[in-house]
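Noted in TrEMBL for the protein shown:
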- Cys174: active site, glycyl thioester intermediate (ACT_SITE)
- 565-579: compositional bias 'Acidic residues' (COMPBIAS)
- 617-627: compositional bias 'Acidic residues' (COMPBIAS)
- Lys165: SUMO1 cross-link (CROSSLNK)
- Lys237: SUMO1 cross-link (CROSSLNK)
- Lys399: SUMO1 cross-link (CROSSLNK)
- 8-393: domain 'THIF-type NAD/FAD binding fold' (DOMAIN)
- 431-518: domain 'Ubiquitin/SUMO-activating enzyme ubiquitin-like' (DOMAIN)
- 528-621: domain 'SUMO-activating enzyme subunit 2 C-terminal' (DOMAIN)
- 203-232: region 'Disordered' (REGION)
- 528-627: region 'Disordered' (REGION)
Amino acid sequence: MVQLVGSLRKELADSLNTCKVLVVGAGGIGCELLKNLVLTGFKNIEVIDLDTIDVSNLNRQFLFQKKHVGKSKAQVAKESVLQFCPSANITAYHDSIMNPDYNVEFFRKFMLVMNALDNRAARNHVNRMCLAADIPLIESGTAGYLGQVTVIKKGLTECYECQPKPAQKTFPGCTIRNTPSEPIHCIVWAKYLFNQLFGEEDADQEVSPDTADPEAAWNPEEAAARASASEKDGDIKRVSTKVWARSSGYDPIKLFNKFFKDDIMYLLTMDKLWKKRKAPTPLDWKQLENKAAPPEQSPAAGLKDQQVLGLWSCCQLFKHSVETLSSELQEKGDKAELVWDKDDPAAMDFSRFDVKSMAGNIIPAIATTNAVIAGLIVLEGLKILSGELESCRTIFLNKCPNVRKKLLVPCVLDPPSKNCYVCVSKPEVTVKLNVHKTTVLSLQDRILKERFGMVAPDVQIEDGKGTILISSEEGETEANNNKYLSDFGIRNGSRLQSDDFLQDYTLLINVLHTEELERDVEFEVVGEAPDKAPPPPSNQEETNSITNGNKDSAQPSTSSKAPSDDDDLMIVDSDEEEGAPSSSATVTSATKRKHSDLESGESSTKRPRTDQPAASGDEDDDIIALD
């Protein structure tokens with residue numbers, strides 16, 4: 001006869017008492033998950049999160065209260081959860097999981113790792129650490145009403161990086177500074193301007209016209225003369241933006257005229273830019289003020305964020321936000337800096353008229369979704385601890401029930417991809433780049449760290465000499481940073497071995513030299529690469545990723561293979577990749593259509609359902625497919 005402890009078999013209940021689990025992230029999902037774990041009977045839990053509590057977290061992260069704002073999420077979550085179960089042994093780390101202190105040996109002390117993260121870099125890192133330690137990982141994510149949970153086990157299932165994921169969008173500096181054409185360009189420009197005026201200045205985030213734009217073929221002497229009139233307005237000298245702003249006392253009208261009149265007039269002198277584009281229109285504060293209609297006496301209907309702002313209203317909002325931010329900066333002292341925060345009203349007002357135009361692309365984090373996903377994580381964890389890994393599933397949470405009245409759709413776990421550059425026995429990739437233009441620093445930061453998710457890479461050239469190109473030891477190869485790959489004899493067909501000892505990960509890189517890369521493209525990964533995922537068919541919109549409230553993060557991997565050609569998939573449409581920046585996932589529509597296979601472009605279908613057999617000719621079995 002089976003002995004029960006509560007609702008669990010005695011053997012499983014005993015296992016919960018002794019096993020040690022790691023929870024990575026103490027935010028929306030993490031709070032629900034920690035509560036679920038202690039109430040289920042888990043006694044030994046370690047939780048890590050680098051973030052601190054913000055007022056905006058309080059509506060869904062119920063372990064936190066107003067008095068906790070500014071404190072460590074991990075530490076406060078621990079204290080709150082202990083009120084549910086004082087006998088639990090919980091250790092909290094206010095730190096980044098990517099800190100070298102949390103090495104493979106650290107991961108090996110756990111029987112199970114549960115991710116509740118909101119960014120791709122950390123997800124990639126935890127995935128690799130669990131593979132290296134051979135520890136089961138439960139990955140999860142939410143976006144609005146949508147959610148997903150999957151299990152990753154070395155050698156048995158796909159890892160987090162087995163399937164291609166869209167890269168975070170970046171934009172050329174000359175596009176942001178000279179020819180913005182989309183709302184997202186304006187938002188990036190506004191965030192750059194915030195830092196130039198009030199935050200930490202970055203030379204790569206300049207907002208003034210880019211005279212080095214290769215598209216602008218013009219005569220600098222002639223342009224300087226033509227722009228001289230605008231240079232006199234406000235006595236503008238082209239010095240550091242922050243220095244000039246301070247010297248003007250952060251006068252909002254001078255700032256407005258500089259950025260929206262003088263700089264625009266300067267841009268208009270770059271004749272070639274406007275041959276195929278609509279030229280921008282300079283704005284003058286006094287002229288706009290004179291033309292402004294008298295203010296309406298009746299209050300505007302709706303909430304603040306629902307009101308449609310006219311041009312003069314935007315100007316006044318800009319003026320108000322500059323005055324507020326400059327006052328905050330002055331209160332902090334001479335050398336103080338402000339940090340842009342989406343939850344700071346003044347910072348948002350600084351670019352609100354741009355952000356409002358993107359409002360349709362924002363999906364809020366929903367507490368109920370987080371609660372459902374956290375419950376599913378624990379259920380999958382119980383299966384693993386019961387030795388029933390084969391019964392684990394990838395589970396999708398839909399926004400609307402399918403015809404079988406089901407919101408939750410389980411799918412069998414896929415085996416590891418043979419093309420994965422992370423979990424195969426000997427990871428190898430081919431990178432197409434120009435060896436005469438790619439620097440060692442670019443190889444390290446843009447390719448190895450940003451693209452392939454390494455934390456502290458060591459790179460050796462396979463030239464028969466074992467030449468060390470990059471060392472993770474500080475200062476050891478710093479002199480190589482600004483040299484080109486060709487300076488070290490690297491050419492077409494060269495092979496580089498990159499080791500990340502923290503992740504216990506080795507990647508062999510085949511160099512494919514080319515001089516035919518597209519403009520602003522530094523490199524390409526040949527084959528099925530996350531940053532070069534094949535485009536969808538022309539009759540489909542881009543698909544969206546499920547993240548924990550952050551579009552810049554990618555979702556757990558999903559299948560591209562299945563048994564029946566008759567089942568439709570629900571594609572979550574999006575107008576970009578990711579997050580993010582930063583930002584939120586988007587669901588613009590959800591329609592039934594065939595899912596296109598990422599590799600072949602042919603129609604493929606979903607994995608078999610596990611709740612009931614697929615009926616022949618049944619086209620109403622919907623799941624969410626995430627690319």
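Backbone N, Cα and C define each Cβ position, glycine as well.
Since we're looking at a predicted model, the values are computed, not measured.
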Completion exercise
Residues in the domain 'Ubiquitin/SUMO-activating enzyme ubiquitin-like' (431-518) per DSSP class, helix first, strand next, coil last, are 19 helix, 28 strand, 41 coil
Fill in the blank from the handout: By a 10 Å Cβ neighbour count, the lowest-scoring of the recorded sites Lys165, Lys399 is Lys399
Problem - Cα-to-Cα gap, Lys165 (SUMO1 cross-link) vs Lys399 (SUMO1 cross-link), nearest whole Å - result: 22
Practice task
Between the Cα atoms of Lys399 (SUMO1 cross-link) and Cys174 (active site, glycyl thioester intermediate), find the distance and write it as a whole number of Å.
Solution key: 40
Fill in the blank from the handout: A correct count of other C-beta atoms within 10 Å of the C-beta of the residue listed as 'active site, glycyl thioester intermediate' gives 18
